[in-house]
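Listed in TrEMBL:
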BINDING   Gly368, Thr369, Thr370, Gly371, Ser372, Gly373, Lys374, Ser375  ATP binding site
DOMAIN    350-533  domain 'FtsK'
TRANSMEM  21-39  transmembrane segment
TRANSMEM  45-67  transmembrane segment
Amino acid sequence: MAFPTEIRVPAVPGTPPRSPFPFIASLAPVVASVAISAVTRSPYVLMFAILGPVIAIASVVDSRLFARRSLRKQEREYQERLVEVRELVSAAHDGERRSRLTASPTAREVLADAGRASRWRASTERARTITLGLGDRPSGVVLGGAAGDEAHTGLREHASTLAAAPCTADATLGIGVVGATALARAVARGYLLQLCHAVDPTRLRIVALPDEGWEWARSLPHLSRRSADAAMTVSVVEDATAPAVPADITLAVARVVDAVPAHCREIIECSTGLTATWMSADNPADRITVLTHPVTAAAAHAYAAALSALAAETGVVGEDGEPPVSAHWDDLARDPDGGALSVPIGLAARSSVSVDLVEHGPHAIIGGTTGSGKSELLAKWVLGLAAAHSPSEVSMLLVDFKGGATFAPLQRLPHVVGVITDLDPAAATRALESLRAEVRYRERTLREHGVQDIAELRSGLARLVIVVDEFAAMLEGFPELHALFVDIAARGRSLGMHLVLCTQRPTGVVRDSLLANCTLRLSLRVNNRADALAVTGVDTAASLPVTPAGRCVVVTPDADPVVAQIARVSDADIAAVAARHAGEPRPRRPWLDPLPPRIPLERLACTADAFTLGLRDVPAQQKQEPAVWRPATDGSLLVLGGARSGKTTLAQVIAAQSSGSWHVDELPDDLERAFDVLEDSAERAETALGPSTTRSVLTIDDLDVLCGRLDDDDVEHARGLLTRLLRSGPRAGICVVATAQRLGAGMSALAALFDSTMLLRMPSRAEHILCGGDTATWSEDRRAGNGVWGGTSVQLAYTTRMRRRRGARALPELDLDAEQIVLVSCRRPAQTARTLRERHPGVHIITLGPTPVYPAEMRELTSVVVVGDADAWQANWSLLAALRSTATVVVEACPLVDYRALTRTRARPPYLHRQPGRAWRIAADGHITRCAL
């Protein structure tokens with residue numbers, strides 16, 4: 001039946017006209033009866049006059065009864081005709097609907113096309129039209145005839161609308177499906193099937209698919225391209241923020257309308273059930289309700305497989321086809337006969353591509369520019385190894401020097417022994433240095449079992465795959481590791497250590513000695529021909545397209561290069577593999593745990609002739625041992641660190657281990673006591689003829705703070721004492737442990753006299769370097785007690801012993817009664833004289849004034865005290881000079897320059913606090929002591 005189709009509608013029956021009353025016919029018998037009665041003069045004849053009206057009335061009644069019967073018959077025939085017309089309209093609608101569904105099938109019709117009758121039969125132009133759902137559309141059925149009653153009008157309206165008709169749209173306008181993700185994705189699934197059903201892969205190509213939820217679509221032959229220069233392209237997107245892939249047709253899935261890409265003009269908004277609202281972005285007010293046909297993933301996968309089989313049968317996709325534009329973990333075929341470390345990583349034109357680090361390696365190198373898909377390749381490789389092997393068979397160390405995001409999802413795999421990132425350089429250095437010890441450990445294990453290759457071991461040693469993302473960045477931060485990786489590359493095959501090195505530009509980064517052992521070569525897109533040749537030996541990688549990402553040239557020994565599409569993995573894939581191996585034991589890690597943050601001294605072994613400071617980390621030997629300081633051989637120790645870095649704790653730990661072999665003296669906080677200790681220690685060190693039977697350690701906490709409390713003359717004196725002690729102390733059995741926050745002015749020369757230096761946490765990298773530290777050992781987040789000593793990391797122990805702090809000692813009072821002549825220089829002579837008179841009423845006290853006092857007058861007196869300030873004594877210098885040899889001179893605390901000006905001597909007095917009442921007592925024989933004035 002052709003459309004539009006015209007169907008004639010019966011006319012509405014009309015109401016018949018009412019029959020008129022027959023007045024003439026009823027009067028004629030009356031006139032005749034009167035005339036006959038007049039002629040015959042018979043009154044009985046008049047009775048016939050009544051018959052006229054009776055017959056007339058009867059005729060009228062009979063006529064009207066007949067008209068009613070005729071009208072009822074016409075109406076019955078009219079209704080019967082209307083039913084026939086409605087049936088004709090319904091039949092015409094059914095035919096029209098079938099015709100439209102044949103031309104524009106829904107997803108249900110597509111899946112039901114088991115006989116392949118309509119697959120790939122549409123023209124390219126026709127294929128652009130897809131059926132969004134079933135709804136009311138204008139019909140091609142036309143009703144002919146004049147307008148009639150309400151029934152006639154309703155029939156015309158019924159005929160003009162085709163219910164459950166295909167609602168079609170031009171797919172090139174862009175289709176956006178909005179709703180709950182599962183429902184919207186199922187509806188969009190049907191739309192993609194319509195497109196793939198309409199035309200073959202040579203005329204339609206899928207250029208982009210989301211990572212999740214569209215795994216089934218990777219079986220479609222339309223993902224492979226044989227000749228696609230003139231083909232339509234389709235892009236399926238779910239994330240509006242993802243980079244757009246240019247395509248002729250876009251199918252977008254979103255939860256809200258605002259998330260649909262702007263270029264999608266046709267919107268299907270799914271509600272509960274199967275109904276949806278169709279609207280155009282150009283006219284949102286015009287909404288049409290449609291019935292959608294969601295398709296399950298299982299049904300779609302089965303149909304995609306059928307299309308793929310049809311493509312293979314008909315030769316639509318041949319051997320010379322390119323790889324698909326997208327591949328997923330589930331698309332890859334597992335090779336049961338693969339080698340020891342065989343892993344499928346992607347899809348070529350018609351098969352999976354596998355790599356084997358044992359058969360093709362032992363090591364691999366991967367090149368590729370930014371955004372080419374290197375991270376996806378590494379993730380797929382690691383997951384493939386974990387899926388095919390238990391943690392007891394293979395373990396993986398992942399190194400990511402671009403932040404750690406690449407391998408973060410893979411940490412849940414039990415095969416992964418660790419993820420090293422550039423976010424913690426100290427931990428990265430420690431872990432990578434441990435690989436040296438891992439080489440020795442594996443050599444020792446093979447030697448103990450009497451074998452030369454790990455393949456000869458039955459069990460007990462898992463293969464270790466070291467995966468490095470951004471190898472060049474790692475070498476830039478740790479250039480000394482290149483030699484380590486060259487060593488692993490040379491000896492790794494027999495030891496079961498395999499390298500997978502990924503870098504953007506291997507040229508000039510990877511040495512030839514390392515590159516020669518990387519026989520498995522993979523290159524994603526690179527920017528120039530030289531980089532492509534450096535990795536694979538062919539320049540194919542330089543001409544790979546920007547999209548799709550993940551195109552890779554794979555080169556194995558004795559095989560031609562293969563171009564493959566690297567498969568992507570999802571978090572669900574990683575979780576599934578991790579769950580499969582959840583109950584299995586973790587593999588041995590190639591390095592120890594970091595040093596503990598707190599170590600009680602009681603847990604560490606201490607020896608009599610040494611001091612245990614904490615734990616030392618030796619990653620190159622995979623061990624942690626006590627950090628021991630042996631004063632007899634190690635000499636003096638300088639500890640530098642910022643505030644709250646653990647310096648004082650170290651001094652306390654050393655003091656807690658004071659013993660008969662090494663007695664520990666702590667430099668007091670009180671400066672007078674401190675100078676006495678320093679002067680005594682320096683004197684003993686310089687006068688000793690050999691090692692003393694009593695060896696001692698002098699701890700000086702916060703040396704820089706101590707110097708900061710002194711004036712310049714006293715600082716120089718303190719440095720001089722320390723210099724003498726550091727130079728002469730070791731031969732006398734005296735060693736020094738000093739702590740300081742930084743090397744200030746004049747401290748550098750002193751620091752050079754210490755035999756070793758321990759660096760704790762410093763405030764800045766610059767100060768760390770100024771104190772002699774290496775850039776590689778700097779850590780902004782170094783915890784308290786952690787430092788570097790002798791090139792290795794140490795964590796200091798702690799003790800509950802607290803340092804005993806002592807204040808300034810009380811000085812003996814000046815005994816004036818035992819002295820004959822005392823000369824006193826003070827700042828307040830009048831006040832001092834008054835005080836002395838009160839304490840010593842029997843002593844003759846003279847206050848120096850403008851009138852000179854002569855020595856002869858003084859000698860005649862007994863127990864005399866002369867009090868004056870510095871200016872007064874300068875004015876009476878002759879008195880001071882005359883009595884200096886016989887009198888006791890008392891000088892109240894003052895700067896050293898004033899003391900020397902007054903006493904006219906270069907001899908240095910003991911350190912004295914600059915406090916009122918504290919003074920030096922200089923006896924007649926020159927001996928200097930402290931006293932209270």
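Keep in mind that glycine also has a Cβ here, set from the backbone N, Cα and C atoms.
Where the annotation comes from TrEMBL, it is an automatic prediction and has not been curated.
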When the binding-site residues Thr369, Thr370, Lys374, Ser375 are compared by other Cβ atoms within 10 Å, fewest goes to Thr370
8 Å Cβ shell about Gly368, Thr369, Thr370, Gly371, Ser372, Gly373, Lys374, Ser375 centroid, ATP site members excluded: Gln504, Leu524, Arg525, Ala549
Among Gly368, Gly371, Gly373, all listed as binding-site residues, which has the most CB atoms within 10 Å of its CB? Gly368
For Ser372 (ATP binding site), list the number of other Cβ atoms lying within 10 Å of its Cβ atom. 25
Under a three-state DSSP reduction, the secondary structure at Thr369 (ATP binding site) is coil
Do you know the mean pLDDT across the domain 'FtsK' (350-533)? 85
